[in-house]
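Record features, source TrEMBL:
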- 5, 7, 9, 18: Ca(2+) 1 binding site (BINDING)
- 92: substrate binding site (BINDING)
- 122: heme b binding site (BINDING)
- 123, 172, 175, 180: Ca(2+) 2 binding site (BINDING)
- 50-247: disulfide bond (DISULFID)
- 129-160: disulfide bond (DISULFID)
- 5-251: domain 'Plant heme peroxidase family profile' (DOMAIN)
């Protein structure tokens, strides 16, 4: 997710680019996007943006297990030409409390429902240990966040054994390879991996939504709607931006 909007700036390989920033160090799969782009450029050069490829690939990755598309992707985005690690400071922090998270979403025209639904993306994927260790350690001493289940804290410590551990940990401590609603059940059981996951249970309205989304049918519907909404945030269209020939670099001409 780009701090400004969906313009594929995370794909650019330039000095101090977004992909080098802390929040994005656990992102992978760039070579998959390259392979898709190569085939598209052969079939219809200069037509499909890297931003649209990302939006479609995200939908397909989530939908694959269902053998049907979970939502329709609106296309027509163009690609950005700037990628700055410093811009990622505006992304929601893994350490944020509820008020900070909600404000971060509202700044982009997204609401409480979107915050809770899109947090469900943490049903898959990984986080860097550095996003988790402040909940486990204070310097070299063990200091477990009271909002974290003690047994789950031990599981996290086995992946991130010190405050300076460099590995990754699954965002969903149960079914990490399955796109399901188990994430919400774990949040209610103090088994959210990030402090920002735990924060959802600290607000009455959000906690009620978390409870509702433990129902998989409700989760898939809410997630689909919010992904579509997020896909409209500050998109480049018309003559803004460009259609990159290669996703890792801006067009030279």
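Cβ atoms here come from the backbone N, Cα and C positions, even for glycine.
Structural mapping of features recorded in TrEMBL.
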residue : record                : Cβ contacts under 8 Å, 6 or more apart
7       : Ca(2+) 1 binding site : 51, 77, 78, 79, 80, 234, 235, 236, 241
122     : heme b binding site   : 171, 172, 183, 192, 193, 194, 197
123     : Ca(2+) 2 binding site : 171, 172, 175, 178, 179, 180, 181, 182, 183
129     : disulfide bond        : 159, 160, 165, 166, 167, 168, 169
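Residue 92 (substrate binding site) sits 15 Å from residue 18 (Ca(2+) 1 binding site), counting Cα to Cα. For the domain 'Plant heme peroxidase family profile' (5-251), the mean pLDDT of the prediction comes to 95.
Highlighted in sequence order, 124, 174, 176, 177, 178, 179, 181, 182, 183 have their Cβ within 8 Å of the centre of the Cβ atoms of 123, 172, 175, 180, the residues recorded for Ca(2+) 2, and are not part of that set. When the C-alpha distances from residue 50 (disulfide bond) to the binding-site residues 5, 9, 18 are tabulated, the minimum falls on 9.
Take the CB of residue 160 (disulfide bond) and look out to 10 A: across all protein chains shown you find 24 other CB atoms.
The Cβ of 5 has fewer other Cβ atoms within 10 Å than any other of the binding-site residues 5, 92. For the pair residue 247 (disulfide bond) and residue 5 (Ca(2+) 1 binding site), the Cα-Cα distance reads 16 Å. Counting other Cβ atoms within 10 Å of each Cβ, the lowest count among the binding-site residues 18, 172, 180 belongs to 180. Taking the binding-site residues 9, 175 in turn and counting surrounding C-beta atoms within 10 angstroms, the largest count is reached at 9.
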